[in-house]
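J.: Checked TrEMBL, it gives:
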BINDING   Arg60, Ser61, Gly62, Asn73, Thr77, Ile78, Asp79  substrate binding site
DOMAIN    11-140  domain 'dUTPase-like'
REGION    128-151  region 'Disordered'
Amino acid sequence: MRVRRLDPGIPLPTRVHPGDAGVDLCSTIDLELPAGRRQLVGTGIAIALPVGTVGLIHPRSGLAARAGLSIVNTPGTIDAGYRGEIKVCLINLDPTETIHISRGDRIAQLLVQRVELPGFVEVDELDDTSRGTGGYGSSGGHAILGDPQVG
Ligand SMILES: O=c1ccn([C@H]2C[C@H](O)[C@@H](COP(=O)(O)OP(=O)(O)OP(=O)(O)O)O2)c(=O)[nH]1
Ligand SMILES: [Mg+2]
């Protein structure tokens, strides 16, 4: 995969272990992210994905579990033709604590996947299926909102 470093001080995307699906991306900035706030953060890299693939930007589970750091539009979509800097819209989901990020910290991970590129043909009817138009919990088994002891 061809990759450009737009910020020479930032390491290339790294696959920490051979076979890892995600390659980690780093922040180009120091950042204080208060509880509930979001910010678009540069990663200092640009890539040339092959047509027929997509880059998906996922959060890192450790930061999510330890600090509540996530990504607003997870997974972010990197189109094959995109040549700009990959950016990450970080959000602090912790209810009270500020998250401190330093330049060079690994803040997200990039996955590259094959993707279908179908054309769309308008029709009057779609074929019947067992699910039909049922969705949004139609099969049951949802969690109950509120306190189950009350009422
Ligand atoms: O987390 C992300 C998501 C997107 N992008 C870049 C690459 C992607 O190819 C482009 C457009 O993304 P998307 O299609 O999700 O955003 P949009 O709001 O639809 O913008 P556009 O009108 O440019 O497609 O922005 C990122 O750098 N990081
Ligand atoms: Mg778009």
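Placement of Cβ uses the backbone N, Cα and C atoms for every residue, glycine included.
On this model, are these features tucked inside or out on the surface, and what's nearby?
T.: For Arg60 (substrate binding site), applying a Cβ distance below 8 Å and a minimum sequence separation of six or more within one chain yields Gly22, Asp24, Leu69, Arg106, Ile107, Ala108, Gln109.
Taken together, the residues in the domain 'dUTPase-like' (11-140) have a mean pLDDT of 97 on the 0 to 100 scale.
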J.: Go ahead and report the DSSP secondary structure tallies for the region 'Disordered' (128-151): helix first, then strand, then coil.
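T.: DSSP composition of the region 'Disordered' (128-151): 0 helix, 0 strand, 24 coil.
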J.: Under 6 Å from ligand 1 by C-beta, which of these binding-site residues make it: Arg60, Ser61, Gly62? Sequence order, please.
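T.: Checking each Cβ against ligand 1, none of them comes under 6 Å.
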J.: Taking DSSP three-state, what's Gly62 (substrate binding site) in: helix, strand or coil?
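T.: Where Gly62 (substrate binding site) sits, the three-state DSSP reduction gives helix.
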J.: Have a look around Ser61 (substrate binding site) and count the other CB atoms within 10 A of its CB, chains all included.
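T.: Around the Cβ of Ser61 (substrate binding site), 10 other Cβ atoms lie within 10 Å.
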